[in-house]
Amino acid sequence: VSSLNSDDSDEPSLLRFMCAELTRGYFLEHNEAKYTERRERVYTCMRIPRELERLMSFGFFLCLDAFLYVFTLLPLRTLLAFLRLLTIPCCGLGGSRFLQPAQVCDLLKGLIMVLCYSMMHYVDYAMMYHLIRGQSVIKLYIIYNMLEVADRLFSSFGQDILDALYWTATEPKSRKRAHIGVIPHFFMAVFYVFLHAILIMVQASTLNVAFNSHNKSLLTIMMSNNFVEIKGSVFKKFEKNNLFQMSNSDIKERFTNSVLLLIVCLRNMEQFSWNSDHLWVLLPDVFIVILSEVAVDIIKHAFITKFNDITADVYSEYKASLAFELVSSRQQNAYTDYSDSVARRMGFIPLPLAVLLIRVVMSSVKIQGALSSVCLLLFYLGLITMKVLNNIVILGKSCRYVKEANMEGKLFKRPTAQTSKQTPKKPKVQQPSTSITKQPSPRAKPFPPAPPPVTEVTSDPPPDSPPKPEESSSETPQSTELKHRTIKKDLLEIDRFTICGNRIG
């Protein structure tokens, strides 16, 4: 009888199954590593918006600094270089060069701006606007997508054209000629800047048509195009370098869209006789476009870092890499202008956008009389003040990011490597103000060293000065302290404005 009862208790039944399901337990600590990793992924996604927006804000102000440079300091530098060119017959050569390489580049940039601005007068913005407005919504959507692709292609190839012009114009004459000449390169650069400015004008006109459409259908379609970008990038494999390139592209796109929205507002305000009531009609749509772009960037980067197991700390490394380029461009042995380094890194070329903005502002604002001229002068002085303050702040931030990333040794490693190959002379002590007033001395080697790749910046910190005492035991602790002091002192003395920037930042 007992065996029969035990067989009945072992038989499966619905009641026994329900009891087992209701009382079944499990222990998460048996797979602690898995659940800890999942929790860290959630925390990483929560940190992405803050870290990404810090990088975006820093990169946005870098682009703003390079953009304001075209309106503020570039005209003054071009004027000084032109005066220097005029005074050469009176003062004599006094050296092997007529002009310094930076002055030659400034003259070329100023001449390109003047020629392209004069050529833009023959392009009718109103006719282009009405021509685009007469097209269907689907056709305009296709046109806008094609313009975005063309803008990226123009930006990638345009900086190569400008760099080729600058190097051809400043290449030492002792080298064997391996180029087609300065004048063909110059006309290529003018043709590129003019075409790129027209392309951006068509983009601005299309965006203006979307803002002025009655049912806002085109604006909605263009905003939905940003979310299509998530599908094209989230499910791809990304390394750190690829993510850095995409982050730079997003920074450039956000700044360019901000300038395009400014152009749309200027054109609309001109059409409504600068009525402030119409501005409040435009602002909601402007904020919606900006917020949708920010949301798309956050979602895109959050899922890319999640699927590729990239931590949120990588954005701090990206900031340090951008800051390193800014600080390097302030040194005496800098091999490029800062605006050109931003163009190479982010694909942002300020010359076509500046030509278009000047064209729109001059056609929208009528300057007549002495009062208008005084207002224009005050506006120019305000732009210079904004440029100087922005430069001071981002320079101070950059020095702080370089110190936090322990990249000071890499910053001062290239000059010592070059001087050791030439003559073993005693190094001269740099004065704090020499980086502003003195022109850089010409190099013995025409090709400067390439900037450090991102992989070196992001993966391993550069070797600093502490390992040197291990090699030579004769050095005392006082000498090592002096080395640390000189490195920090040199980093601050790259520019006297850096001290102010550190205090403000």
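Placement of Cβ uses the backbone N, Cα and C atoms for every residue, glycine included.
Feature annotation from TrEMBL assigns transmembrane segment to 55-74 (among others). Outside the transmembrane segment (55-74) by six or more residues, the chain places 106, 109-110, 113, 247-248, 250-252, 254-255, 258-259, 297, 315, 318-319, 322-323, 326, 338-339, 342-343, 346, 348, 350-351, 353-354, 358, 380, 383-384, 386-387, 390-391, 393-394, 397 with a CB less than 8 A from a CB of the stretch.
Beyond the transmembrane segment (111-132), the same-chain residues lying 6 or more positions past its ends with a Cβ under 8 Å from any Cβ of the stretch are 70, 74, 140, 143, 186, 189-190, 193-194, 197-198, 201-202, 205-206, 208-209, 267, 351-352, 354-356, 358-360, 363. The annotation transmembrane segment is assigned in TrEMBL to 111-132 (among others).
For the transmembrane segment (182-202), same-chain residues at least 6 beyond its ends with a Cβ under 8 Å from one of its own Cβ atoms are 108, 111-112, 115-116, 119-120, 123, 125, 128, 132, 143, 147, 150-151, 154-155, 157-158, 161-162, 164-165, 168-169, 256, 260, 349, 351-353, 355-356, 359. The transmembrane segment annotation in TrEMBL covers 182-202 (among others).
Summarising the annotation, TrEMBL assigns transmembrane segment to 279-299 (among others). Same-chain residues lying 6 or more positions outside the transmembrane segment (279-299) and placing a CB less than 8 Å from one of its CB atoms are 48-49, 52-53, 56, 211, 216, 219, 223, 226-227, 229-230, 250, 253-254, 257-258, 261, 264-265, 268-269.
Feature annotation from TrEMBL assigns transmembrane segment to 348-365 (among others).
As annotated by TrEMBL, transmembrane segment applies to 371-393 (among others).
Among the features that TrEMBL reports, region 'Disordered' is placed at 412-487.
Under the heading compositional bias 'Low complexity', TrEMBL lists 429-442.
Annotation source TrEMBL lists compositional bias 'Pro residues' at 443-466.
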